[in-house]
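A short write-up of the structure that comes next.
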Amino acid sequence: MPDTSSRSLRIFPSRRIRGTVTVPGDKSITHRALLLATLAEGESRLSGVLTGEDCLATIRACQALGAEIEFLNATTVRVKGRDRKLLAPAEPIDCGNSGTLMRLIAGILAGQPFSSCLIGDASLSRRPMARILVPLRQMGARIDAKGPGELPPLEIHGSQLHGIDYRLPLPSAQVKSCLLLAGLFASGVTRLQEPIPTRDHTERLLRHFGLWPIFDNGQLVVHGGVRLHGHDLFIPGDFSSAAFWIVAAAAFPGSELFVQGVGLNPSRTGLLKILLRMGATVKETIESCETEPYGTLEIRGERLRGTRIRGEEIAQVIDELPILAVAGALAQGETIIRDASELRVKESDRLAALAYNLRAFGVPVEELPDGLIIEGGHPLRAASVQSFGDHRIAMAFAILALAADGVSVIEDTACIATSYPGFEKDFESLTQSEIPGWGERAFRQIGHRWARWAKESLEDPAEARFPVVAIDGTAASGKTTVAQELARRLDFAYCSTGVLYRAMTWKLLQMGVDISNRFRVARAVGKIPMDCWIENHQLKIRVGDEDPSPYLRDPEVNANVSLVASIPAVRRYLLPLQRKLARQAPLVMEGRDIGTVVFPKTPYKFFLDADPLVRQERRRQQGETDLLLERDQKDRERKLAPLKPAHDAVILDTTRTTVNELVETILRHLKRKGMNLQ
Ligand SMILES: Nc1ncnc2c1ncn2[C@@H]1O[C@H](COP(=O)(O)OP(=O)(O)O)[C@@H](O)[C@H]1O
Ligand SMILES: Nc1ccn([C@H]2C[C@H](O)[C@@H](COP(=O)(O)OP(=O)(O)O)O2)c(=O)n1
């Protein structure tokens, strides 16, 4: 099983989704059904209930208002309603992370003959409440928002409400539902007009519980004082949870997925329209239209194209925008999301979180005040990213990580339980093969390439790294030639760390920094945006927007690199860059301090050297101007991470040994040291 105790998800690449999935019950419908069954007279048996954290908070809230709620099995509850006569809660009602609960229940509590208080967690305490407080106060509600700028907690002094005519300034199903519920306890008639239609679960469920809100001239009308009647209800799977699998299957060619028993309410399935526009193959079969339509989706993977998502469409896909941004990153071409500033006040600032995490995976993205411009189709590098405590961000990036070039980590994933308990299990069965156990599964997935090495990676949770063969040595001793051939034989990624020092030297020279002044260098280094990652078995480097590769063996670079490499600020900067590579792939890494400093714990260490005259001749034959003996001396003499064999390295003299013989010798040592070679 994936490691959830540490609240992070480690994800192995896998570009194919296959199988059948049934996602947990719909969050929006579960909240509303529980609240309405609490207001109704008689009993309601609700099946398919989502038991995520958010909905459990709603169950507790309903119980605090006097409803009797009993679990009949894991996802079925019996609610004995209060027939509108709620009890005054003894304590503040804790809405946890749920904006839906706080906004909907505020509508109910505003019109009660008692006072109450609504509190939430840190994220909910930052979410705007003015959008409900303004119209509720127009209805006569007396509510104090205790946080700065009308933020939670909400202190509600129940009062007699009266109906109003209200045009919602922004599309919000939560505001609409809050006012519909308040309207039930108001005198007279409440008329609402939406600027753009939003999800209509509250209207459908009011009908289910016996009240028919009327549509009159584009307005939604409810009369106060009406009774609701208990009624059994099946809650279908949450389309917003299914959206993660839908996008993954649609975007990975060769995938084939069936999503069963999923809610297909047209006010929720805007994502499908967008995916079709992007070139997806999706077949929708509606199996029931009672109250809430549901059925089966069949998705086949295709190469998707970028698209534009803006205007009215945004309200239809508001919860799906994180995974749509991921779809954009996986598609060819540009995807533009606009008019989505509402995302900034969700469980996290989703626009900022998306931009930050997409960039970490190597996706070029521009963050706009109301959206994102995503350049899709770039190779993705493995990354370690945060969920920002937001369940949809966590799940969206779990899907993106499947397309990366190595093992990725999503940190802080406990929040996934708010909407999708069991996500990790479904993730495992849909993306990480049939074999039981996370580690075993990981081997399969990396399968053809690096499967057998995944185990080592898994056994070192602190470092979460693949095996590293360290090849250190003097200049022109043959490190590059031997390491490349060894990497080819092992099917590992080849990685020269000298190029990082060379790239840094090139950039400093280009910036005109006085390299002999280590303080100036230290200051300049902090401003150089260098990154590196493994792509197609090779190390890739970027310095800002530039690829430094063509300049790395220029004579000025050769002449200055050892001096630059002796500056502690440079070594400190490059150390984590080198270490993170081992989270992406098994490596043959060559340099000067790989066995001593970068990966001192690797058991696979080799140090190459050869007669200085032979080395000089080799370099001359390569046509390079390189005072390599001077370089070696500087590298040996520097205080930090000097050139020297690790105490446990195998020392190999390459003066009169062929490359093939050297590689064979190294392979023999690796076997002896316990590496499982096949
Ligand atoms: N064992 C060897 N025997 C003969 N020539 C070699 C051997 N190893 C490397 N060379 C040659 O020496 C030169 C320098 O090798 P290289 O792998 O670039 O060294 P380093 O990476 O240690 O600077 C290359 O032209 C390479 O072909
Ligand atoms: N791990 C490393 C790798 C290189 N360096 C420094 C010291 C070396 O003289 C330069 C250039 O390294 P590189 O491996 O490209 O040099 P050679 O190809 O062996 O001549 O970088 C280092 O200090 N530590």
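Backbone N, Cα and C define each Cβ position, glycine as well.
For reference, TrEMBL has these:
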type	residues	note
DOMAIN	14-425	domain 'Enolpyruvate transferase'
BINDING	K27, G99, R127, Q174, R350, R392	phosphoenolpyruvate binding site
ACT_SITE	D319	active site, proton acceptor
DOMAIN	469-671	domain 'Cytidylate kinase'
BINDING	G473, T474, A475, A476, S477, G478, K479, T480, T481	ATP binding site
List, in residue order, those recorded positions out of R127, D319, R350, S477 with a Cβ under 6 Å from any atom belonging to ligand 1. S477
With every protein chain in view, how many other Cβ atoms are within 10 Å of the Cβ of R127 (phosphoenolpyruvate binding site)? 19
Using DSSP reduced to three states, classify G473 (ATP binding site) as helix, strand or coil. strand
Using the alpha carbons only, what distance in Å do you get between G99 (phosphoenolpyruvate binding site) and the residue listed as 'active site, proton acceptor' once rounded? 13
Near ligand 2 by the Cβ criterion (under 6 Å), the recorded positions from K27, R127, D319, R392, G473, A475 are A475
Counting only residues 6+ away in sequence within the same chain, which have a CB under 8 Å from the CB of R350 (phosphoenolpyruvate binding site)? L321, P322, L343, R344, D390, R392, I393
For each of Q174, S477, T481, count the other CB atoms within 10 A of its CB; which of these binding-site residues has the top count? S477
Just how many other Cβ atoms lie inside 10 Å of the Cβ on K27 (phosphoenolpyruvate binding site)? 24
Greatest C-beta neighbour count within 10 angstroms, which of the binding-site residues R392, K479: R392
As a test of the contact definition, list every same-chain residue at least 6 positions from A475 (ATP binding site) whose Cβ is closer than 8 Å to its Cβ. R615, R619, D626, L628, L629, R631, D632, D635
With the cut-off set at 10 Å between Cβ atoms, which of these binding-site residues ends up with the most neighbours? Options: G99, G473. G473
Spacing of the two Cα atoms, T481 (ATP binding site) and K27 (phosphoenolpyruvate binding site), in whole angstrom, works out to 58
Residue pair G473 (ATP binding site), D319 (active site, proton acceptor) - Cα distance, angstrom, rounded: 54
